[in-house]
Amino acid sequence: MGCFGSAGSKQSDSNSSEDTKSQKRRSDAITRQLQKDKQVYRATHRLLLLGAGESGKSTIVKQMRILHVNGFSDSERKQKIEDIKKNIRDAILTITGAMSTLTPPIQLEKPENQARVDYIQDYASGPDFNYPPEFYEHTEELWKDRGVQQTYERSNEYQLIDCAKYFLDRVSEIKQPNYTPTEQDILRCRVLTSGIFETRFQVDKVNFHMFDVGGQRDERRKWIQCFNDVTAIIFVTACSSYNMVLREDPTQNRLRESLDLFKSIWNNRWLRTISVILFLNKQDLLAEKIKAGKSKLSDYFGEFNRYQTPADAVCEMGEDPEVIRAKYFIRDEFLRISTASGDGKHYCYPHFTCAVDTENIKRVFNDCRDIIQRMHLRQYELL
């Protein structure tokens, strides 16, 4: 009996030893995987896009997809058609609706177009509108009307999406049954961002995770969820918004709101060690407004009257001197905030951008990569 017991004991010891070895192999494999995951996590640059609503953050994300992922597939382009049609509908509804509410109100150039306005206001505003051919006909004819054009020119007096003119100019293409949106159409298309969206891409074998968060006031409470382990903040401001007010608060100037928001982020105690890359966006629209001369920057920012173009200003060939002065004034308004309360732990790096211009964003992002790399090394105390 003792011999049998002894053999069973040896077998049991052998099984136990194998189990222990197997558990150790599994444990070692888990440890190696965790170590690998940690290395990948630490090697990833996490970029947080912040800024007020309609500043161009989501357009920056689209550019990263075009430049560093695979752009947009045919099915994704087709899916955007409904959003683009909605942009056209929102634009013509808003403009024709504003004609009678402006002070002084604006009349149609052709009184016979009133029936077209009535159609747009009565039928196109419905929730189940299906964009019949007459909608496009009415929209095209109204967009040619001088009264509608004058109302568009006063769009800073009401809320109108930036892409209104772009898509209203292209109704004849978009209404075609075989229409497929171009990259520029997708970049221009406006869709409200609600929540947090992550885009992952790789540049020269370096991993980037970019987080886009809604910029409207009621969306900003979600920002705190993204602050952990951020490599850098990209703050986006719409420079062309100097003569506009917020959708959510018609008493607040949009550019001043952006400056206030930048100040709150810059002075946030949780972000004191995170540097900010400042995208002074919508330079194309800013230049249009300044050159048109109808909305003077000094009417909204009295300090501009005394402002002189700084010595470090870089001028592009043929650039209007007043446009140069305006864009550097806005830059310096932000830098005044960062230099007033900077403690040497984080820095502000300004760049002039046009988010719908792929070459511009490619050049700017390449310029930023060295900055982001330094921030990443400092984040893990390697610099």
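Every residue gets a Cβ built from N, Cα and C, even glycine.
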Which one of 46-59, 130-143, 242-255 shows up in Swiss-Prot as region 'G1 motif'?
46-59
Can you dig out which of the ranges 208-217, 218-227, 298-307 Swiss-Prot describes as region 'G3 motif'?
208-217
Counting across all protein chains shown, how many other Cβ atoms sit within 10 Å of the Cβ of L187 (GTP binding site)?
23
Most crowded position, judged by CB atoms within 10 A, among S55, S58, T193, N281 as binding-site residues:
N281
Hey, of G51, L187, V213, N281, A355, which of those binding-site residues are within 10 Å of T193 (Mg(2+) binding site), Cα to Cα?
V213
Taking the Cβ of each of the binding-site residues and counting other Cβ atoms inside 10 Å, which one has the highest number: V191, V213, A355?
A355
